[in-house]
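K.L.:
So Swiss-Prot lists these for the protein:
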type	residues	note
ACT_SITE	K175	active site, proton acceptor
ACT_SITE	H294	active site, proton acceptor
BINDING	K201, D203, E204	Mg(2+) binding site
MOD_RES	K14	N6,N6,N6-trimethyllysine
MOD_RES	K201	N6-carboxylysine
Amino acid sequence: MSPQTETKASVGFKAGVKDYKLTYYTPEYETKDTDILAAFRVTPQLGVPPEEAGAAVAAESSTGTWTTVWTDGLTSLDRYKGRCYHIEPVPGDPDQYICYVAYPLDLFEEGSVTNMFTSIVGNVFGFKALRALRLEDLRIPPAYSKTFQGPPHGIQVERDKLNKYGRPLLGCTIKPKLGLSAKNYGRACYECLRGGLDFTKDDENVNSQPFMRWRDRFVFCAEAIYKAQAETGEIKGHYLNATAGTCEEMIKRAVFARELGVPIVMHDYLTGGFTANTTLSHYCRDNGLLLHIHRAMHAVIDRQKNHGMHFRVLAKALRMSGGDHIHSGTVVGKLEGEREITLGFVDLLRDDFIEKDRSRGIFFTQDWVSMPGVIPVASGGIHVWHMPALTEIFGDDSVLQFGGGTLGHPWGNAPGAAANRVALEACVQARNEGRDLAREGNEIIKAACKWSAELAAACEIWKEIKFDGFKAMDTI
């Protein structure tokens, strides 16, 4: 038995497996401006050196396979292979390493998130030599990002379409999420929009079920929008979920929404898929529709710290695939979202240029060049007492979405919407006057209660509601 066979057998490999590190571990490599760079959190099997594990990730996510093949001689492996160019230990965990991999641009089809992910987060995640693998971040070079359309419209165009400036936008997910008839659903939309919200929203799992077919819902929601607009003088919208079982059906629903003259549609981009999402995004730009994105299924992919893919990667992928809004967590509500990490990927969604900042989980400097930004949506377990914190954390270019925090108001839907609008206007005015929302938030809300009975009632019913005491899973 050769020494190579003995070594491989001792760590669970079979004879004939080649040493990946001989070809794919290249610490001397200087990355190119056109490379796609990836940071993987790697947990090797016992006995597998980190250099071999990192090289295996680079190989299996690019050109490599488990043995030498004769067709390697028919191409330039050095031109096309991924390279593990740097490895660093994870502080506090001696069994984990951050392995940096560079991929040449020619490995990927232009304008295809689907193809990019098929390589980078494909079969390699089931590789036996690894106990766990997580993609922490990607650097998308301008040479690749410029092959994508990106968001259909972007932040500034949306504000111009809505004629709303200088404050966050307000939304509400209609509840109960399933079971309402189309007419009652439309009634709830109208009441919320008339009460002061900018948007109402289909829940992510509202598609076209027996209790409410999509066409009926679209018609009643459009009626609600036009009635609320006529009464308030403000432009209103409802996120009509176009997600469907086929791309053809999805586009048919988007076409009907456009024919109704509504401003925005919605897609569940992970369950619907990146190919479908990019298709819908292109349609929305060509036809003047805004596109709201829900991230249903993201926690299956991103919640475990050791395995899967961080949401900042999914956020970058969405910006390339296309969407004008995306749910991003709240920091203060019922859903997972640590402040600095959340603000890190919020910047990756909105800003043109984001510096590397490991304290916020950003492994690479990212330059989006001229790609439009995406508005983050804070949604999940929030109410009027959270308004100062949300305004301070997310700033103006955001959507603050209160579902139960609107529809759970003791006086009804319209008063619930009015309470949220008054709270937001009070916080924006206080901020513009130079007051500290983080420190004075409760006092600002209490003062506004004196001239809004709707807000006072909301503050009373939700004064004890908190979602504290749970340990965050997503930490640096």
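Placement of Cβ uses the backbone N, Cα and C atoms for every residue, glycine included.
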K.L.:
Cβ within 8 angstroms of the Cβ centroid of K201, D203, E204: which residues besides those meet this for the Mg(2+) site?
P.N.:
T173, I174, K177, D202, N205, V206, Y239, N241, M266, H294
K.L.:
Relative to the Cβ of K201 (Mg(2+) binding site), which residues of the same chain, six or more apart in sequence, are found under 8 Å away?
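P.N.:
Expected: G171, C172, T173, I174, H238, Y239, M266, H292, Q401, G403.
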K.L.:
Using Cβ-Cβ distances, find the residues under 8 Å from H294 (active site, proton acceptor) that belong to the same chain and are at least 6 apart in sequence, listing them in sequence order.
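P.N.:
In sequence order, E204, N241, M266, H267, D268, Y269, I326, H327 meet the Cβ cut-off.
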K.L.:
I'd like the Cβ neighbour count for E204 (Mg(2+) binding site), meaning other Cβ atoms within 10 Å of its Cβ, all protein chains included.
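P.N.:
Result for E204 (Mg(2+) binding site): 22 neighbouring Cβ atoms inside 10 Å.
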K.L.:
I need the CA-to-CA distance for D203 (Mg(2+) binding site) versus K175 (active site, proton acceptor), whole Å please.
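P.N.:
Here the two Cα atoms are 8 Å apart.
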K.L.:
Validating a neighbour-count step here. Other CB atoms within 10 A of the CB of D203 (Mg(2+) binding site): how many?
P.N.:
18
